[in-house]
Amino acid sequence: MGVQKDSRDIRWNRTTRPLALLLCGLLAFSALSCARTLPEGRKANLAELVSEEEEHFLLDPGNALRLFCDTNQTTIVNWYTESTRLQHGGRIRLTDTVLEIADVTYEDSGLYLCVVPGTGHILRNFTISVVDSLASGDDDDEDHGREDSAGDMGEDPPYSTSYRAPFWSQPQRMDKKLYAVPAGNTVKFRCPSAGNPTPGIRWLKNGREFGGEHRIGGIRLRHQHWSLVMESVVPSDRGNYTCLVENKFGSISYSYLLDVLERSPHRPILQAGLPANTTAMLGSDVQFFCKVYSDAQPHIQWLKHIEVNGSRYGPDGVPFVQVLKTADINSSEVEVLYLHNVSFEDAGEYTCLAGNSIGLSYQSAWLTVLPEEDFAKEAEGPETRYTDIIIYTSGSLALLMAAVIVVLCRMQLPPTKTHLEPATVHKLSRFPLMRQFSLESSSSGKSSTSLVRVTRLSSSCTPMLPGVLEFDLPLDSKWEFPRERLVLGKPLGEGCFGQVVRAEAYGINKDQPDKAITVAIKIVKDKGTDKELSDLISEMELMKLMGKHKNIINLLGVCTQDGPLYMIVEYASKGNLREFLRARRPPSPDYTFDMTKVPEEQLSFQDLVSCSYQVARGMAYLESKRCIHRDLAARNVLVTGENVMKIADFGLARGVHDIDYYKKTSNGRLPVKWMAPEALFDRVYTHQSDVWSFGVLTWEIFTLGGSPYPGIPVEELFKLLREGHRMDKPSNCTHELYMLMRECWHAAPSQRPTFKQLVETLDRILATVAEEYLDLSMPFEQYSPACEDTTSTCSSDDSVFTHEPDVPSLFTHHTTTSMVGT
């Protein structure tokens, strides 16, 4: 008897166990062997199978199984599995005393017996287990992540008499000791083991018992696969993880080192010198290489600079380019541009343009195409080139020495006073590369935004508004709007470095050139630093790339020439969503009617669902453009006169890696009550962290502008979030909607719904709800703090913010009538 192992390394172990399930000796045949017989013509019953010896084999799916049942009694045996006799055919091949099964599957697992025909004697039995060891720790196992009981693993196997201390059953799966992964990835540690009795497994982190109680998102201990699974790892998960496998005959251990790399909030980095200038022979093939390093998902375009009507640049100074190749980093050979059978027309400048949600980077190279004879001379004449280099270098050194001599001679002369004339300010030379590029690789990429270099204007210029910062930017004809067609109105909000002004724009709607439309204008004040100016320009550039959507604040135009920078955006007459909801709360019992105040319209349950649905649509659009908001809250959603929800401030630059989230000072505030745990504790911002904030925003909507976590101090909030506490269901919210909020607040980011899924769910709910108005008796005051969140004197008990060091905010407003992106 034996087993022939396939070349793919069948792992097996063998145990012997006596079986005494039949009563022998009750009849006169007590001297006969206690071997179990299986009468011919009767199917084997698994519960009745008896053997003196069992062999257990572990196979991977796809292996070939080959069992031998050697016997001196006969040259032919019958094979049984479960309650079925095996027949020759298909994957099964029977030859004398040999059973062969090709390409085993999970269904082939079970008990196999070889039986002597006629007598029914069971000669041998085999237990076959088909297990996919390569996927033993993956999420798509058949148990779907179900956890086993650790106690079950330590029980003695029935009828076992062969004992053994724990040992590694698959050491080849444990070669990798160091795991260095970016934040947000899933990590699996495996320690596949065996022993008799079956050993138990424990996990230690840095030498201490580890059960994941204090980890955001918890862990999964998959005992049947001897694995530890951690989803959405963060920097605080770094450390040494040790598996301790033990039974009463011994113990073994193995350690893994986990290093979680923080995501880098930088635009793509291009390797210096690539692409490189290339000289090619006519008709040959050319390759340009562009090595891109980016933590955020990058998108890459290859551009060729072309001429239109004999000019390389348009009237606005932007070069004409042709997009040759567009792809993201996962595409095949995206960093290589192939040019086949090049001609003289292919000669020119080529640019590799790479971008992510943070910004853009580009590098260019020239292709020179030569006839075969010229290319041969170029290749054969290095000595001539070296001679030219020596001549030019010598000449340059001679000129440099002459210049030094002249300077030294002038220094010997007595100084003379000269009258200094006021310097004339000239525009800086620039290279405004056309951005035929979008944050999403599938977009049309028609934006012609320029890569700009900023310079301040002379102080002799007179700004249209006093105290407003001025500068020089290249003209972008697609977005430029004439200043003389703007009539500035009253300020809508003002902060330390910026202000928002209401204005009337004549002709900004090209279909109605003489009609005035109310808009909002963002301006940087004169005392703003270069960083505030740069932030506003970055916001403007990003809004150009984002395109237009009904549920976001859209860019309408810019004024960049002959004066301060104006960023013209849509105007929302009803202010931010938080104040919009609070103004429409039902009156309290002690309410006194005010004849001078016009009552606001009453909101129905359908209206509130519509608010959430519209915000989800806007966020789904931003997600499709790979834009992470990072500060989604009701205060950053604006409401138009037609009750259309518009997300604001998605273009603001936020340096999340430079913030101490635990330090409180008197200056600067952070919206901790809207932040996902991974963003709050580990500074990891993703679309999933925006989904968490959307859940809090939905809670705000159904409490009509309530303050999240009412009555809970910020310091206590940190502890409650780590322990898994969540806000209760609002009074006017259905169970289905509350469960949707709870899904948004799942501790594991990967388990939260996407904005696309949220849109689909809310669309379905919106289609089924009736216009039922809210119960006027519900006490909405329970969701309001004793003092307003926006006042600096409010205690930390109900403040929605925690403080950070003094980092100026571009648009930090006081009270406003209507705010746009502030």
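Cβ atoms are placed via backbone N, Cα and C, with glycine included.
Here the structure is a predicted model, which means the values were calculated and not measured.
Annotated signal peptide per Swiss-Prot: 1-35, in sequence order, evidence recorded as sequence analysis.
Taken from Swiss-Prot, the feature domain 'Ig-like C2-type 1' applies to 39-129.
The disulfide bond annotation in Swiss-Prot covers Cys69-Cys114 (among others). Cys114 (disulfide bond) falls within a strand when secondary structure is assigned with DSSP.
As annotated by Swiss-Prot, region 'Disordered' applies to 136-166.
Here Swiss-Prot flags 157-259 as domain 'Ig-like C2-type 2'.
Every protein chain considered, the tally of other Cβ atoms within 10 Å of the Cβ of Cys191 (disulfide bond) stands at 27. Summarising the annotation, Swiss-Prot assigns disulfide bond to Cys191-Cys243 (among others).
Under the heading domain 'Ig-like C2-type 3', Swiss-Prot lists 268-368.
Remark: Cys290 (disulfide bond) has Leu270, Gln271, Leu274, Pro275, Ile300, Trp302, Glu335, Val336, Leu337, Cys352, Ala354, Gln363 as non-local neighbours, by Cβ distance under 8 Å and separation of at least 6 in sequence. Per Swiss-Prot, the feature disulfide bond maps to Cys290-Cys352 (among others); the stated evidence is sequence analysis.
Here Swiss-Prot flags 389-409 as transmembrane segment.
Residues or ranges marked as domain 'Protein kinase' by Swiss-Prot: 486-774.
Positions annotated as ATP binding site by Swiss-Prot: Leu492, Gly493, Glu494, Gly495, Cys496, Phe497, Gly498, Gln499, Val500, Lys522. Cβ contacts within 10 Å of Val500 (ATP binding site), excluding its own Cβ and spanning all protein chains shown: 25.
According to its DSSP assignment, Asp631 (active site, proton acceptor) is coil. Among the features that Swiss-Prot reports, active site, proton acceptor is placed at Asp631.
Taking H, G and I as helix, E and B as strand and the rest as coil, DSSP gives the domain 'Ig-like C2-type 3' (268-368) the counts 3 helix, 52 strand, 46 coil. Summary: among the recorded positions (Gly498, Asp631), the fewest other C-beta atoms within 10 A of the C-beta are counted at Asp631. Residue environment of Glu494 (ATP binding site) contains 18 other Cβ atoms, counted within 10 Å of its Cβ in all protein chains. Put simply, Asp631 (active site, proton acceptor) is 19 Å from Val500 (ATP binding site) when counted between their Cα atoms. When the C-alpha distances from Cys243 (disulfide bond) to the recorded positions Leu492, Glu494, Gly498, Asp631 are tabulated, the minimum falls on Asp631. Here the Cα atom of Gly498 (ATP binding site) is found 58 Å from that of Cys191 (disulfide bond). Averaged across the domain 'Ig-like C2-type 2' (157-259), pLDDT in this predicted model comes to 85. When the recorded positions Cys114, Cys191, Asp631 are compared by Cα distance to Glu494 (ATP binding site), the shortest distance belongs to Asp631. Cα of Cys114 (disulfide bond) to Cα of Cys191 (disulfide bond): a distance of 35 Å.
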